[in-house]
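So that you can see what the record holds, here are the features copied from TrEMBL:
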type	residues	note
BINDING	SER130, GLU201, HIS229	Mg(2+) binding site
BINDING	ARG364, ASP378	ATP binding site
SIGNAL	1-28	signal peptide
Amino acid sequence: MSRARCHLRAALFLAAVSSRGATTGVAARRVLSAWPAPQEPGMEYQDAVRTLNTLQTNANYLEQVKRQRGDPQTQLEAMRLYLARSGLQVEDLDQLNIIHITGTKGKGSTCAFTERILRSYGLKTGFFSSPHLVQVRERIRINGQPISPELFTKHFWRLYHRLEETKDDSSCVSMPGYFRFLTLMAFHVFLQEKVDLAVMEVGIGGAYDCTNIVKKPVVCGVSSLGIDHTGLLGDTMEKIAWQKGGIFKSGVPAFTVLQPDGPLAVLRDRAQQISCPLYLCPPLEALEEGGPLLTLGLEGEHQQANAALALQLARCWLQQKGYRDTGELKASRPSLPGQLPLAPVFQPTSHMQHGLRDTEWPGRTQLLRRGPLTWYLDGAHTTSSMQACVRWFRQALQSRERLGGGSEVLVLLFNSTGDRDSAALLKLLQPCQFDYTVFCPNLTEVSSTDNADQQNFTVTLDQVLLRCLAHQQHWSRLHEDQASPEPGGPAPLLLAPRPAHTHSASSLVFSCISHALQWISQGRDPVFQPPSPPRVLFAHPVAGSGAVVLQEAAAIHVLVTGSLHLVGGVLKLLEPSLSQ
């Protein structure tokens, strides 16, 4: 039997003995959290989310997507039909005064900054984003807050029944998929709540994303572009830029952060073809000239770029709606021939500054300090975002409060999903010189049937554990190659003193996030205090010896990264209030 298979069987055993009523590995090898939709839906929030989750594996829908890959335009046509069946027309969405934002890295943060700036002007805001970290209702927000379980439940069943009542027997698909359904639901919630504006984050795509049925947004934005979702968007930056530029609309202003030359040229050409006025955002320091903006706690250059884009989007929206307090215009910078015109350089208003300062967007460059533990949470999942994450993590460590004595331990908690290149992501993390590296699936518990928000019908336990073992193998190979580092590579991050052990390449795989956190924290996190872990968690030699090191360390620094879903599961356990 191969070593990998032995590890898998051990992990499956952990899963089996820990799940309710499961006593064999066979019981664990099931589709994750499979739960049938109730025959007569109740009015409880969890019932609504369980029924929503069945749309993840709508067989007819998945088959339709496969057929439509050769003709993506039909995806938008299908979305318009779903919208009509739900009781709305595309023209109804014009009432929402939408700000439409796409990109690869930072689009969620840009949305959060934009929404908070405009809310500081006293406007009632709607905000649609994905994915969620802890509860699915986070995807639909009113005035920055996730809609209540009661409001989510009411709108879910209303839309679900409406679509059931209007289905055509001749149609091959009666229900939209998971993301499409939530997009439709967001439109209905925002219209009923009579928001002044809605900030809409584009999903994976752009041109053929289901949010792109909006015909008349007020303004559009493009955050930093990178390589991601190549199976859907293309395998080059230029192809991805073409997709993202598909949200541009004729006569609707659009703004982009600085991009590499190739993708920027594609965005420029796309805008010209659509007759969309596209502007390049100046950097944040050009707006503040020594003022207060750079002291707002914006972590890293990438967040400053997101903030600069958000300021332009908010200002443009305000001006389109006749607001006067939009910041004093400074001397504009001339554009070079053939380049994009630069967006206005202006002095941000006090409302804008307060909006940036008060933005809360968990799971992105987030720190939680708990006794001897410091948790560094960042959902980076592309090479460019991981590079930014590593810079932030290293800077945060270097600026930390130095201890008078005792050892410090660095721990990485990592997972990566989909078609992402986990080996490339792990290589970027290697210079941080972690003492221990922990891999686990994006499951808070082995069995998540009690929490529908964490269910995932699209993968099996075997699949996610095998992927974690693949991550572990990539990590081991990186350490085998460490003896001959590449010239000119980043210098390792050294902490002194370090624990007196030789586990620089030590790694572990756990079957769920809860078990991983139990081993890392060793009961020393004052908030995360689960029941005593199963003894089998410490059966591995590295787990046993590492537990002693972690128990005796003066400080433990834990970086959680690679997946927003992983970060969400960690936050669910470390911040129980987010589940209330």
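Placement of Cβ uses the backbone N, Cα and C atoms for every residue, glycine included.
Unlike curated records, TrEMBL annotations are generated automatically.
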Rounded to an integer, what is the Cα-Cα distance in Å between ASP378 (ATP binding site) and SER130 (Mg(2+) binding site)?
15
Which residues of the same chain, at least 6 positions away in sequence, have a Cβ lying under 8 Å from the Cβ of ARG364 (ATP binding site)?
GLY108, SER109, GLN303, LEU377, ASP378, GLY379
Residue among binding-site residues GLU201, ASP378 with least C-beta crowding, 10 angstrom cut-off:
GLU201
